[in-house]
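Participant: Before anything else, here's the structure in question.
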Amino acid sequence: MSSPVISPETKTGKKILLAAPRGYCAGVDRAVETVERALEEYGAPIYVRKEIVHNRYVVDTLAEKGAIFVNEASEAPEGANMVFSAHGVSPMVHEEAAAKNIKAIDAACPLVTKVHKEVQRFDKQGFHILFIGHEGHEEVEGTMGHSVEKTHLVDGVAGIATLPEFLNDEPNLIWLSQTTLSVDETMEIVRELKVKFPQLQDPPSDDICYATQNRQVAVKAIAERCELMIVVGSRNSSNSVRLVEVAKQNGADNAYLVDYAREIDPAWFEGVETIGISSGASVPEILVQGVIERLAEFGYDDVEEVTSAAEKIVFALPRVLRHKN
């Protein structure tokens, strides 16, 4: 993560608070590097199932280098080289790829893979799993595909009412969650679930990933000091959307999600002295720097980085690419 250029003095009274940590997490870094390394090693095209990460800039940049993004493995030609996205896939997707002799490289975040293994383990132990997540998200689809019969989606507190009645009498009941949710919202859902299902068990460890939690804590640390929060991230990025919600819930008067600096509306600045900036876990730092430069045009030329945690986690590349270093 490159450091922001910090002006030596406040010239206008207008200020930027820059949340840290922000941007790329270890899982995203690994996934993007997997596609880049595959392109170097095998040449273009490299097919990628779904968006490798939920960021428009990253996807467009990789496409320019020779990645071809498809919705399903079946759309790639026989024997193609394919990377599965950071969000993880179900066993059925692996089977579809194998049926076409596709050489698949799984770039699933290891923390998502951990949840897959938990689902498999609890299924074998006879548990029904209440999976807290957002319907239609690739991570949710991939995870639930590891236990189709015994995993039940809970999409928000409202989703509790849609759960099947037989679960009321199910003694072996446990909850798990998508890795990119709001920590506070997830705990609220768990509390409501335990009202309806007193027998509900907690998992051995929290599934919400370290990067998601750290970025939410970093936003909380500055939100109360900001009239406006700008989160850099794509609208299909669950963790980026959650950062906007966290900012609003913790003191920011307004919060907006932007992919690029050009999307910023100067009307947002009316009456605003302090602007907070953060970015989702799939956002490269170059996009944050673009926002800082854009705000400087409007007099926000004093930048203070507020650090709430240090991140040193690095994930190894998929095994097939490790010897290519």
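In case you wondered, yes, glycine gets a Cβ from its N, Cα and C as well.
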Participant: The dimethylallyl diphosphate site in Swiss-Prot includes His87, His137, Ser237, Ser238, Asn239, Ser282. Which of His54, His323 is also listed there?
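Facilitator: So, going by the record in Swiss-Prot, that would be His54.
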Participant: Starting from the [4Fe-4S] cluster binding annotation in Swiss-Prot that includes Cys25, Cys109, which of Cys209, Cys226 is the extra site residue?
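Facilitator: Swiss-Prot lists Cys25, Cys109 binding [4Fe-4S] cluster, and from Cys209, Cys226 it also lists Cys209.
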Participant: Run through the Cβ atoms and count how many others sit within 10 Å of the one on Ser237 ((2E)-4-hydroxy-3-methylbut-2-enyl diphosphate binding site).
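Facilitator: There are 25 such Cβ atoms around Ser237 ((2E)-4-hydroxy-3-methylbut-2-enyl diphosphate binding site).
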Participant: Quick check on the binding-site residues Cys25, Cys109, Cys209: which one has the highest count of other Cβ atoms within 10 Å of its Cβ?
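Facilitator: Result of the Cβ crowding comparison: Cys25.
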Participant: Here the binding-site residues are His54, His137; which one has the lowest number of other Cβ atoms no more than 10 Å from its Cβ?
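Facilitator: Candidates: the binding-site residues His54, His137. Fewest Cβ atoms within 10 Å: His137.
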Participant: Listing them in sequence order, which of the recorded positions Cys25, Cys109, Glu139, Cys209 have their Cα within 10 Å of that of His87 ((2E)-4-hydroxy-3-methylbut-2-enyl diphosphate binding site)?
Facilitator: Cys109, Glu139
Participant: To the nearest whole angstrom, state the Cα distance for the pair Thr179 ((2E)-4-hydroxy-3-methylbut-2-enyl diphosphate binding site) and Cys209 ([4Fe-4S] cluster binding site).
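Facilitator: About 5 Å separate the Cα atoms of these two residues.
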Participant: Roughly how many Å lie between the Cα atoms of His137 ((2E)-4-hydroxy-3-methylbut-2-enyl diphosphate binding site) and Cys109 ([4Fe-4S] cluster binding site), rounded to a whole value?
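Facilitator: Between the Cα atoms of His137 ((2E)-4-hydroxy-3-methylbut-2-enyl diphosphate binding site) and Cys109 ([4Fe-4S] cluster binding site), the distance comes to 15 Å.
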